[in-house]
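S.K.: One structure, as C-alpha coordinates, below. Some questions next.
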Amino acid sequence: MNRRVPSAVCVKDMRAARAVIANLSPDERIRLQNALMDSSHSCTQINLRNTLNVQLSREQSKQLFIVNTLPFIGFGFLDNFLMIVAAEYIEHSLGMVLAVSTMAAAGLGHIVADLAGIGLTHYVEYIVSKLGVKRPVLTAEQLHSSMARKVINLSRTFGLVIGCLIGMFPLLFYKDPKSS
(Lines of atoms letter the chains of each structure in order from A and count residues from 1; the text may use other names and numbers.)
(Lines give C-alpha, C1' and ligand atoms only; values in the text may rest on other atoms or scores of the structure.)
Protein backbone atom coordinates (compact mmCIF):
# COMPACT_ATOMS: atom_id res chain seq x y z
CA MET A 1 0.00 0.00 0.00
CA ASN A 2 1.63 3.22 -1.15
CA ARG A 3 0.07 6.26 0.51
CA ARG A 4 0.91 9.74 -0.64
CA VAL A 5 1.56 12.65 1.67
CA PRO A 6 1.33 16.09 0.11
CA SER A 7 4.75 17.63 -0.44
CA ALA A 8 3.76 20.80 1.43
CA VAL A 9 2.04 19.95 4.70
CA CYS A 10 0.94 22.57 7.17
CA VAL A 11 1.33 21.29 10.75
CA LYS A 12 -0.20 23.92 13.00
CA ASP A 13 -0.79 21.77 16.08
CA MET A 14 -0.39 18.27 17.51
CA ARG A 15 -3.65 17.09 15.96
CA ALA A 16 -2.40 18.02 12.49
CA ALA A 17 0.95 16.35 13.19
CA ARG A 18 -0.79 13.16 14.30
CA ALA A 19 -2.95 13.25 11.16
CA VAL A 20 0.15 13.44 8.97
CA ILE A 21 1.78 10.58 10.87
CA ALA A 22 -1.37 8.45 10.62
CA ASN A 23 -1.10 8.58 6.81
CA LEU A 24 2.48 7.30 6.78
CA SER A 25 3.57 3.70 6.39
CA PRO A 26 5.98 2.28 8.99
CA ASP A 27 8.91 2.76 6.58
CA GLU A 28 7.89 6.36 5.87
CA ARG A 29 7.63 7.04 9.61
CA ILE A 30 11.15 5.74 10.16
CA ARG A 31 12.51 7.87 7.30
CA LEU A 32 10.70 10.94 8.65
CA GLN A 33 11.96 10.28 12.16
CA ASN A 34 15.54 9.91 10.89
CA ALA A 35 15.24 13.11 8.86
CA LEU A 36 13.90 14.99 11.88
CA MET A 37 16.71 13.66 14.05
CA ASP A 38 19.31 14.70 11.46
CA SER A 39 17.71 18.13 11.24
CA SER A 40 17.60 18.42 15.02
CA HIS A 41 21.28 17.53 15.33
CA SER A 42 22.27 20.09 12.72
CA CYS A 43 20.18 22.75 14.46
CA THR A 44 21.78 22.04 17.83
CA GLN A 45 25.21 22.22 16.29
CA ILE A 46 24.65 25.84 15.33
CA ASN A 47 28.01 27.37 15.80
CA LEU A 48 27.67 27.41 19.59
CA ARG A 49 30.72 29.62 19.89
CA ASN A 50 28.69 32.39 18.26
CA THR A 51 25.74 31.99 20.65
CA LEU A 52 27.68 33.43 23.58
CA ASN A 53 27.41 36.94 22.16
CA VAL A 54 23.81 36.72 20.92
CA GLN A 55 21.57 39.23 22.66
CA LEU A 56 17.90 39.17 23.55
CA SER A 57 15.87 42.34 23.61
CA ARG A 58 14.39 43.43 26.91
CA GLU A 59 10.91 42.47 25.64
CA GLN A 60 12.09 39.03 24.51
CA SER A 61 13.74 38.39 27.88
CA LYS A 62 10.57 39.48 29.68
CA GLN A 63 8.35 37.23 27.54
CA LEU A 64 10.76 34.30 27.94
CA PHE A 65 10.77 34.81 31.71
CA ILE A 66 6.97 34.93 31.98
CA VAL A 67 6.30 31.99 29.66
CA ASN A 68 8.70 29.82 31.67
CA THR A 69 7.68 31.06 35.14
CA LEU A 70 3.92 30.46 34.97
CA PRO A 71 3.92 26.67 34.45
CA PHE A 72 6.44 26.21 37.24
CA ILE A 73 4.29 28.23 39.64
CA GLY A 74 1.53 25.73 38.87
CA PHE A 75 3.83 22.72 39.29
CA GLY A 76 5.30 24.03 42.56
CA PHE A 77 1.86 24.83 43.95
CA LEU A 78 0.43 21.42 43.08
CA ASP A 79 3.49 19.57 44.34
CA ASN A 80 3.56 21.21 47.78
CA PHE A 81 -0.21 21.40 48.19
CA LEU A 82 -0.74 17.74 47.34
CA MET A 83 2.27 16.61 49.36
CA ILE A 84 1.08 18.41 52.50
CA VAL A 85 -2.52 17.24 52.19
CA ALA A 86 -1.50 13.64 51.40
CA ALA A 87 1.11 13.56 54.18
CA GLU A 88 -1.43 14.85 56.69
CA TYR A 89 -3.92 12.20 55.64
CA ILE A 90 -1.30 9.44 55.72
CA GLU A 91 0.02 10.53 59.11
CA HIS A 92 -3.42 10.69 60.71
CA SER A 93 -4.77 7.48 59.16
CA LEU A 94 -1.96 5.04 58.35
CA GLY A 95 0.36 6.70 60.83
CA MET A 96 -1.88 5.75 63.72
CA VAL A 97 -2.30 2.16 62.58
CA LEU A 98 1.20 1.40 61.28
CA ALA A 99 3.14 3.81 63.51
CA VAL A 100 4.47 5.74 60.50
CA SER A 101 6.67 8.67 61.49
CA THR A 102 5.93 12.21 60.37
CA MET A 103 8.90 12.13 57.99
CA ALA A 104 7.79 8.80 56.51
CA ALA A 105 4.30 10.24 56.02
CA ALA A 106 5.85 13.29 54.32
CA GLY A 107 7.87 11.01 52.03
CA LEU A 108 4.80 8.97 51.13
CA GLY A 109 2.85 12.20 50.60
CA HIS A 110 5.56 13.38 48.24
CA ILE A 111 5.20 10.17 46.22
CA VAL A 112 1.46 10.84 45.93
CA ALA A 113 2.13 14.45 44.89
CA ASP A 114 4.70 13.42 42.28
CA LEU A 115 2.39 10.79 40.80
CA ALA A 116 -0.46 13.30 40.67
CA GLY A 117 1.92 15.85 39.15
CA ILE A 118 2.65 13.52 36.27
CA GLY A 119 -1.06 13.27 35.51
CA LEU A 120 -1.74 16.97 36.02
CA THR A 121 1.13 18.32 33.90
CA HIS A 122 -1.04 18.51 30.79
CA TYR A 123 -3.71 20.48 32.63
CA VAL A 124 -1.23 22.97 34.08
CA GLU A 125 0.21 23.58 30.61
CA TYR A 126 -3.30 23.85 29.15
CA ILE A 127 -4.35 26.46 31.74
CA VAL A 128 -1.18 28.46 31.18
CA SER A 129 -1.75 28.37 27.42
CA LYS A 130 -5.27 29.78 27.97
CA LEU A 131 -3.79 32.79 29.80
CA GLY A 132 -2.71 34.09 26.41
CA VAL A 133 0.97 34.38 27.23
CA LYS A 134 2.89 34.21 23.97
CA ARG A 135 6.32 32.71 23.50
CA PRO A 136 8.81 35.25 22.19
CA VAL A 137 9.87 34.85 18.60
CA LEU A 138 13.53 33.89 18.86
CA THR A 139 16.05 32.78 16.29
CA ALA A 140 17.74 29.43 16.85
CA GLU A 141 20.90 31.29 17.89
CA GLN A 142 18.98 33.36 20.44
CA LEU A 143 17.23 30.30 21.86
CA HIS A 144 20.55 28.48 22.30
CA SER A 145 22.34 31.52 23.68
CA SER A 146 23.73 31.62 27.19
CA MET A 147 21.46 34.58 27.96
CA ALA A 148 18.32 32.61 27.01
CA ARG A 149 19.46 29.61 29.08
CA LYS A 150 20.05 31.88 32.08
CA VAL A 151 16.62 33.51 31.71
CA ILE A 152 14.89 30.13 31.32
CA ASN A 153 16.64 28.54 34.31
CA LEU A 154 16.12 31.59 36.52
CA SER A 155 12.44 31.87 35.58
CA ARG A 156 11.77 28.17 36.22
CA THR A 157 13.53 28.35 39.58
CA PHE A 158 11.64 31.50 40.52
CA GLY A 159 8.31 29.99 39.46
CA LEU A 160 8.93 26.76 41.35
CA VAL A 161 9.87 28.60 44.55
CA ILE A 162 6.84 30.90 44.35
CA GLY A 163 4.54 27.95 43.55
CA CYS A 164 5.92 25.89 46.44
CA LEU A 165 5.45 28.80 48.85
CA ILE A 166 1.85 29.30 47.71
CA GLY A 167 1.30 25.54 47.90
CA MET A 168 2.13 25.63 51.61
CA PHE A 169 -1.15 27.37 52.44
CA PRO A 170 -2.76 24.17 53.86
CA LEU A 171 -0.36 24.60 56.77
CA LEU A 172 -2.44 27.61 57.83
CA PHE A 173 -5.25 25.19 58.66
CA TYR A 174 -3.09 22.51 60.26
CA LYS A 175 -3.72 21.96 63.93
CA ASP A 176 -1.02 19.96 65.67
CA PRO A 177 -2.84 17.39 67.84
CA LYS A 178 0.21 17.14 70.11
CA SER A 179 -0.06 20.81 71.12
CA SER A 180 -3.66 20.42 72.31
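Even glycines carry a Cβ here, placed using N, Cα and C.
What TrEMBL records for this protein is below:
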TRANSMEM  65-87  transmembrane segment
TRANSMEM  93-113  transmembrane segment
TRANSMEM  157-174  transmembrane segment
S.K.: Could you give the residue numbers and ranges of same-chain residues that sit at least 6 residues beyond the transmembrane segment (93-113) on either side and whose C-beta is under 8 angstroms from one of its C-beta atoms?
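M.R.: Cβ under 8 Å, 6 or more out: 78-87.
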S.K.: Counting only residues 6+ away from its ends, which parts of the chain sit with a Cβ under 8 Å from the transmembrane segment (157-174)?
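M.R.: Long-range Cβ neighbours of the transmembrane segment (157-174): 68-85, 88.
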